[in-house]
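This report refers to the structure that appears directly beneath it.
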Amino acid sequence: MKIGIIGAMEPEVAHLIAAMTNATSQTIAGIEFIAGTLAGKDVVVTRSGIGKVAASIATTLLIEKYAPDAMINTGSAGGFVDTLAIGDIVISSEVRHHDVDVTAFGYEIGQMAQQPAAFIPAAHLVEAANKAIAQLGEVKAIEGLICTGDSFICDPVRTQAMLKNFPTMAACEMEGAAIAQVCHQFGVPFVVIRSLSDNANNDSPVDFDSYIVKAGYHSALMVMLLLEQLNPSAVK
């Protein structure tokens, strides 16, 4: 079993890379891919860069060059659930684009043409993540809808508009749905795991800078615990 792991920023992958053994590195199109062992599993970790295009490029290259059996997207997110605090975790129950609108052609809001409205993570990856929750200590984790768009959300007016379209949204970020869409195209199972760095409000720019390292660590910890729970035979 080989697992691809993608984070957008250095703090979101640094703890994973530091914990790897037998690591080798290859750079393609300016993106570094680090292959090795993590939590007893063969993994390939990469920092994609920020946004949906960067994430799509990195995901496609990782799948084409390394043929992973599953993909994990890790990192930070803005939170929309009152019971979660900064540093807590959202495991994707589904992933959607929040900034796509081709409803004029009969699609749902957030649904890209010729794509599903929601991308559903692999059950065995979500199951492994849920088993890992018990080992998180004081860090809380829930399953929920994660929405993706090419904007950092810190405007309450925009937040309310997003919640009108996606009332069950638990978190928003800038890469997950793009990674999920590429995985859907290639038939690669995926899950998105995000730790909250802010609450998608006016304080978000300050909170993000203050808490990105904490969020990156918690998300990386969750990924490593997930890998420990993952059954090598439970793929595809």
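Each residue, glycine too, has its Cβ placed from N, Cα and C.
Per Swiss-Prot, the candidate among Ile57, Ile146, Ile153, Ile193 that belongs to the substrate site alongside Gly78, Met174, Glu175 is Ile153. Other residues of the same chain near the substrate site, with their Cβ within 8 Å of the Cβ centroid of Gly78, Ile153, Met174, Glu175, are Ala77, Thr148, Gly149, Ser151, Phe152, Cys172, Glu173. The shortest Cα-Cα distance between Asp198 (active site, proton donor) and any of the recorded positions Glu12, Ile153, Met174, Glu175 is the one to Ile153. Spacing of Met174 (substrate binding site) relative to Glu12 (active site, proton acceptor) is 13 Å (Cα to Cα, whole number). Taking Cβ-Cβ distances under 8 Å and a sequence gap of 6 or more within the same chain, the neighbours of Glu175 (substrate binding site) are Ile6, Ala8, Ser48, Ile50, Gly51, Lys52, Ala54, Ala55, Asn73, Gly75, Thr148. The CA atom of Gly78 (substrate binding site) is located 14 Å away from the CA atom of Glu12 (active site, proton acceptor).
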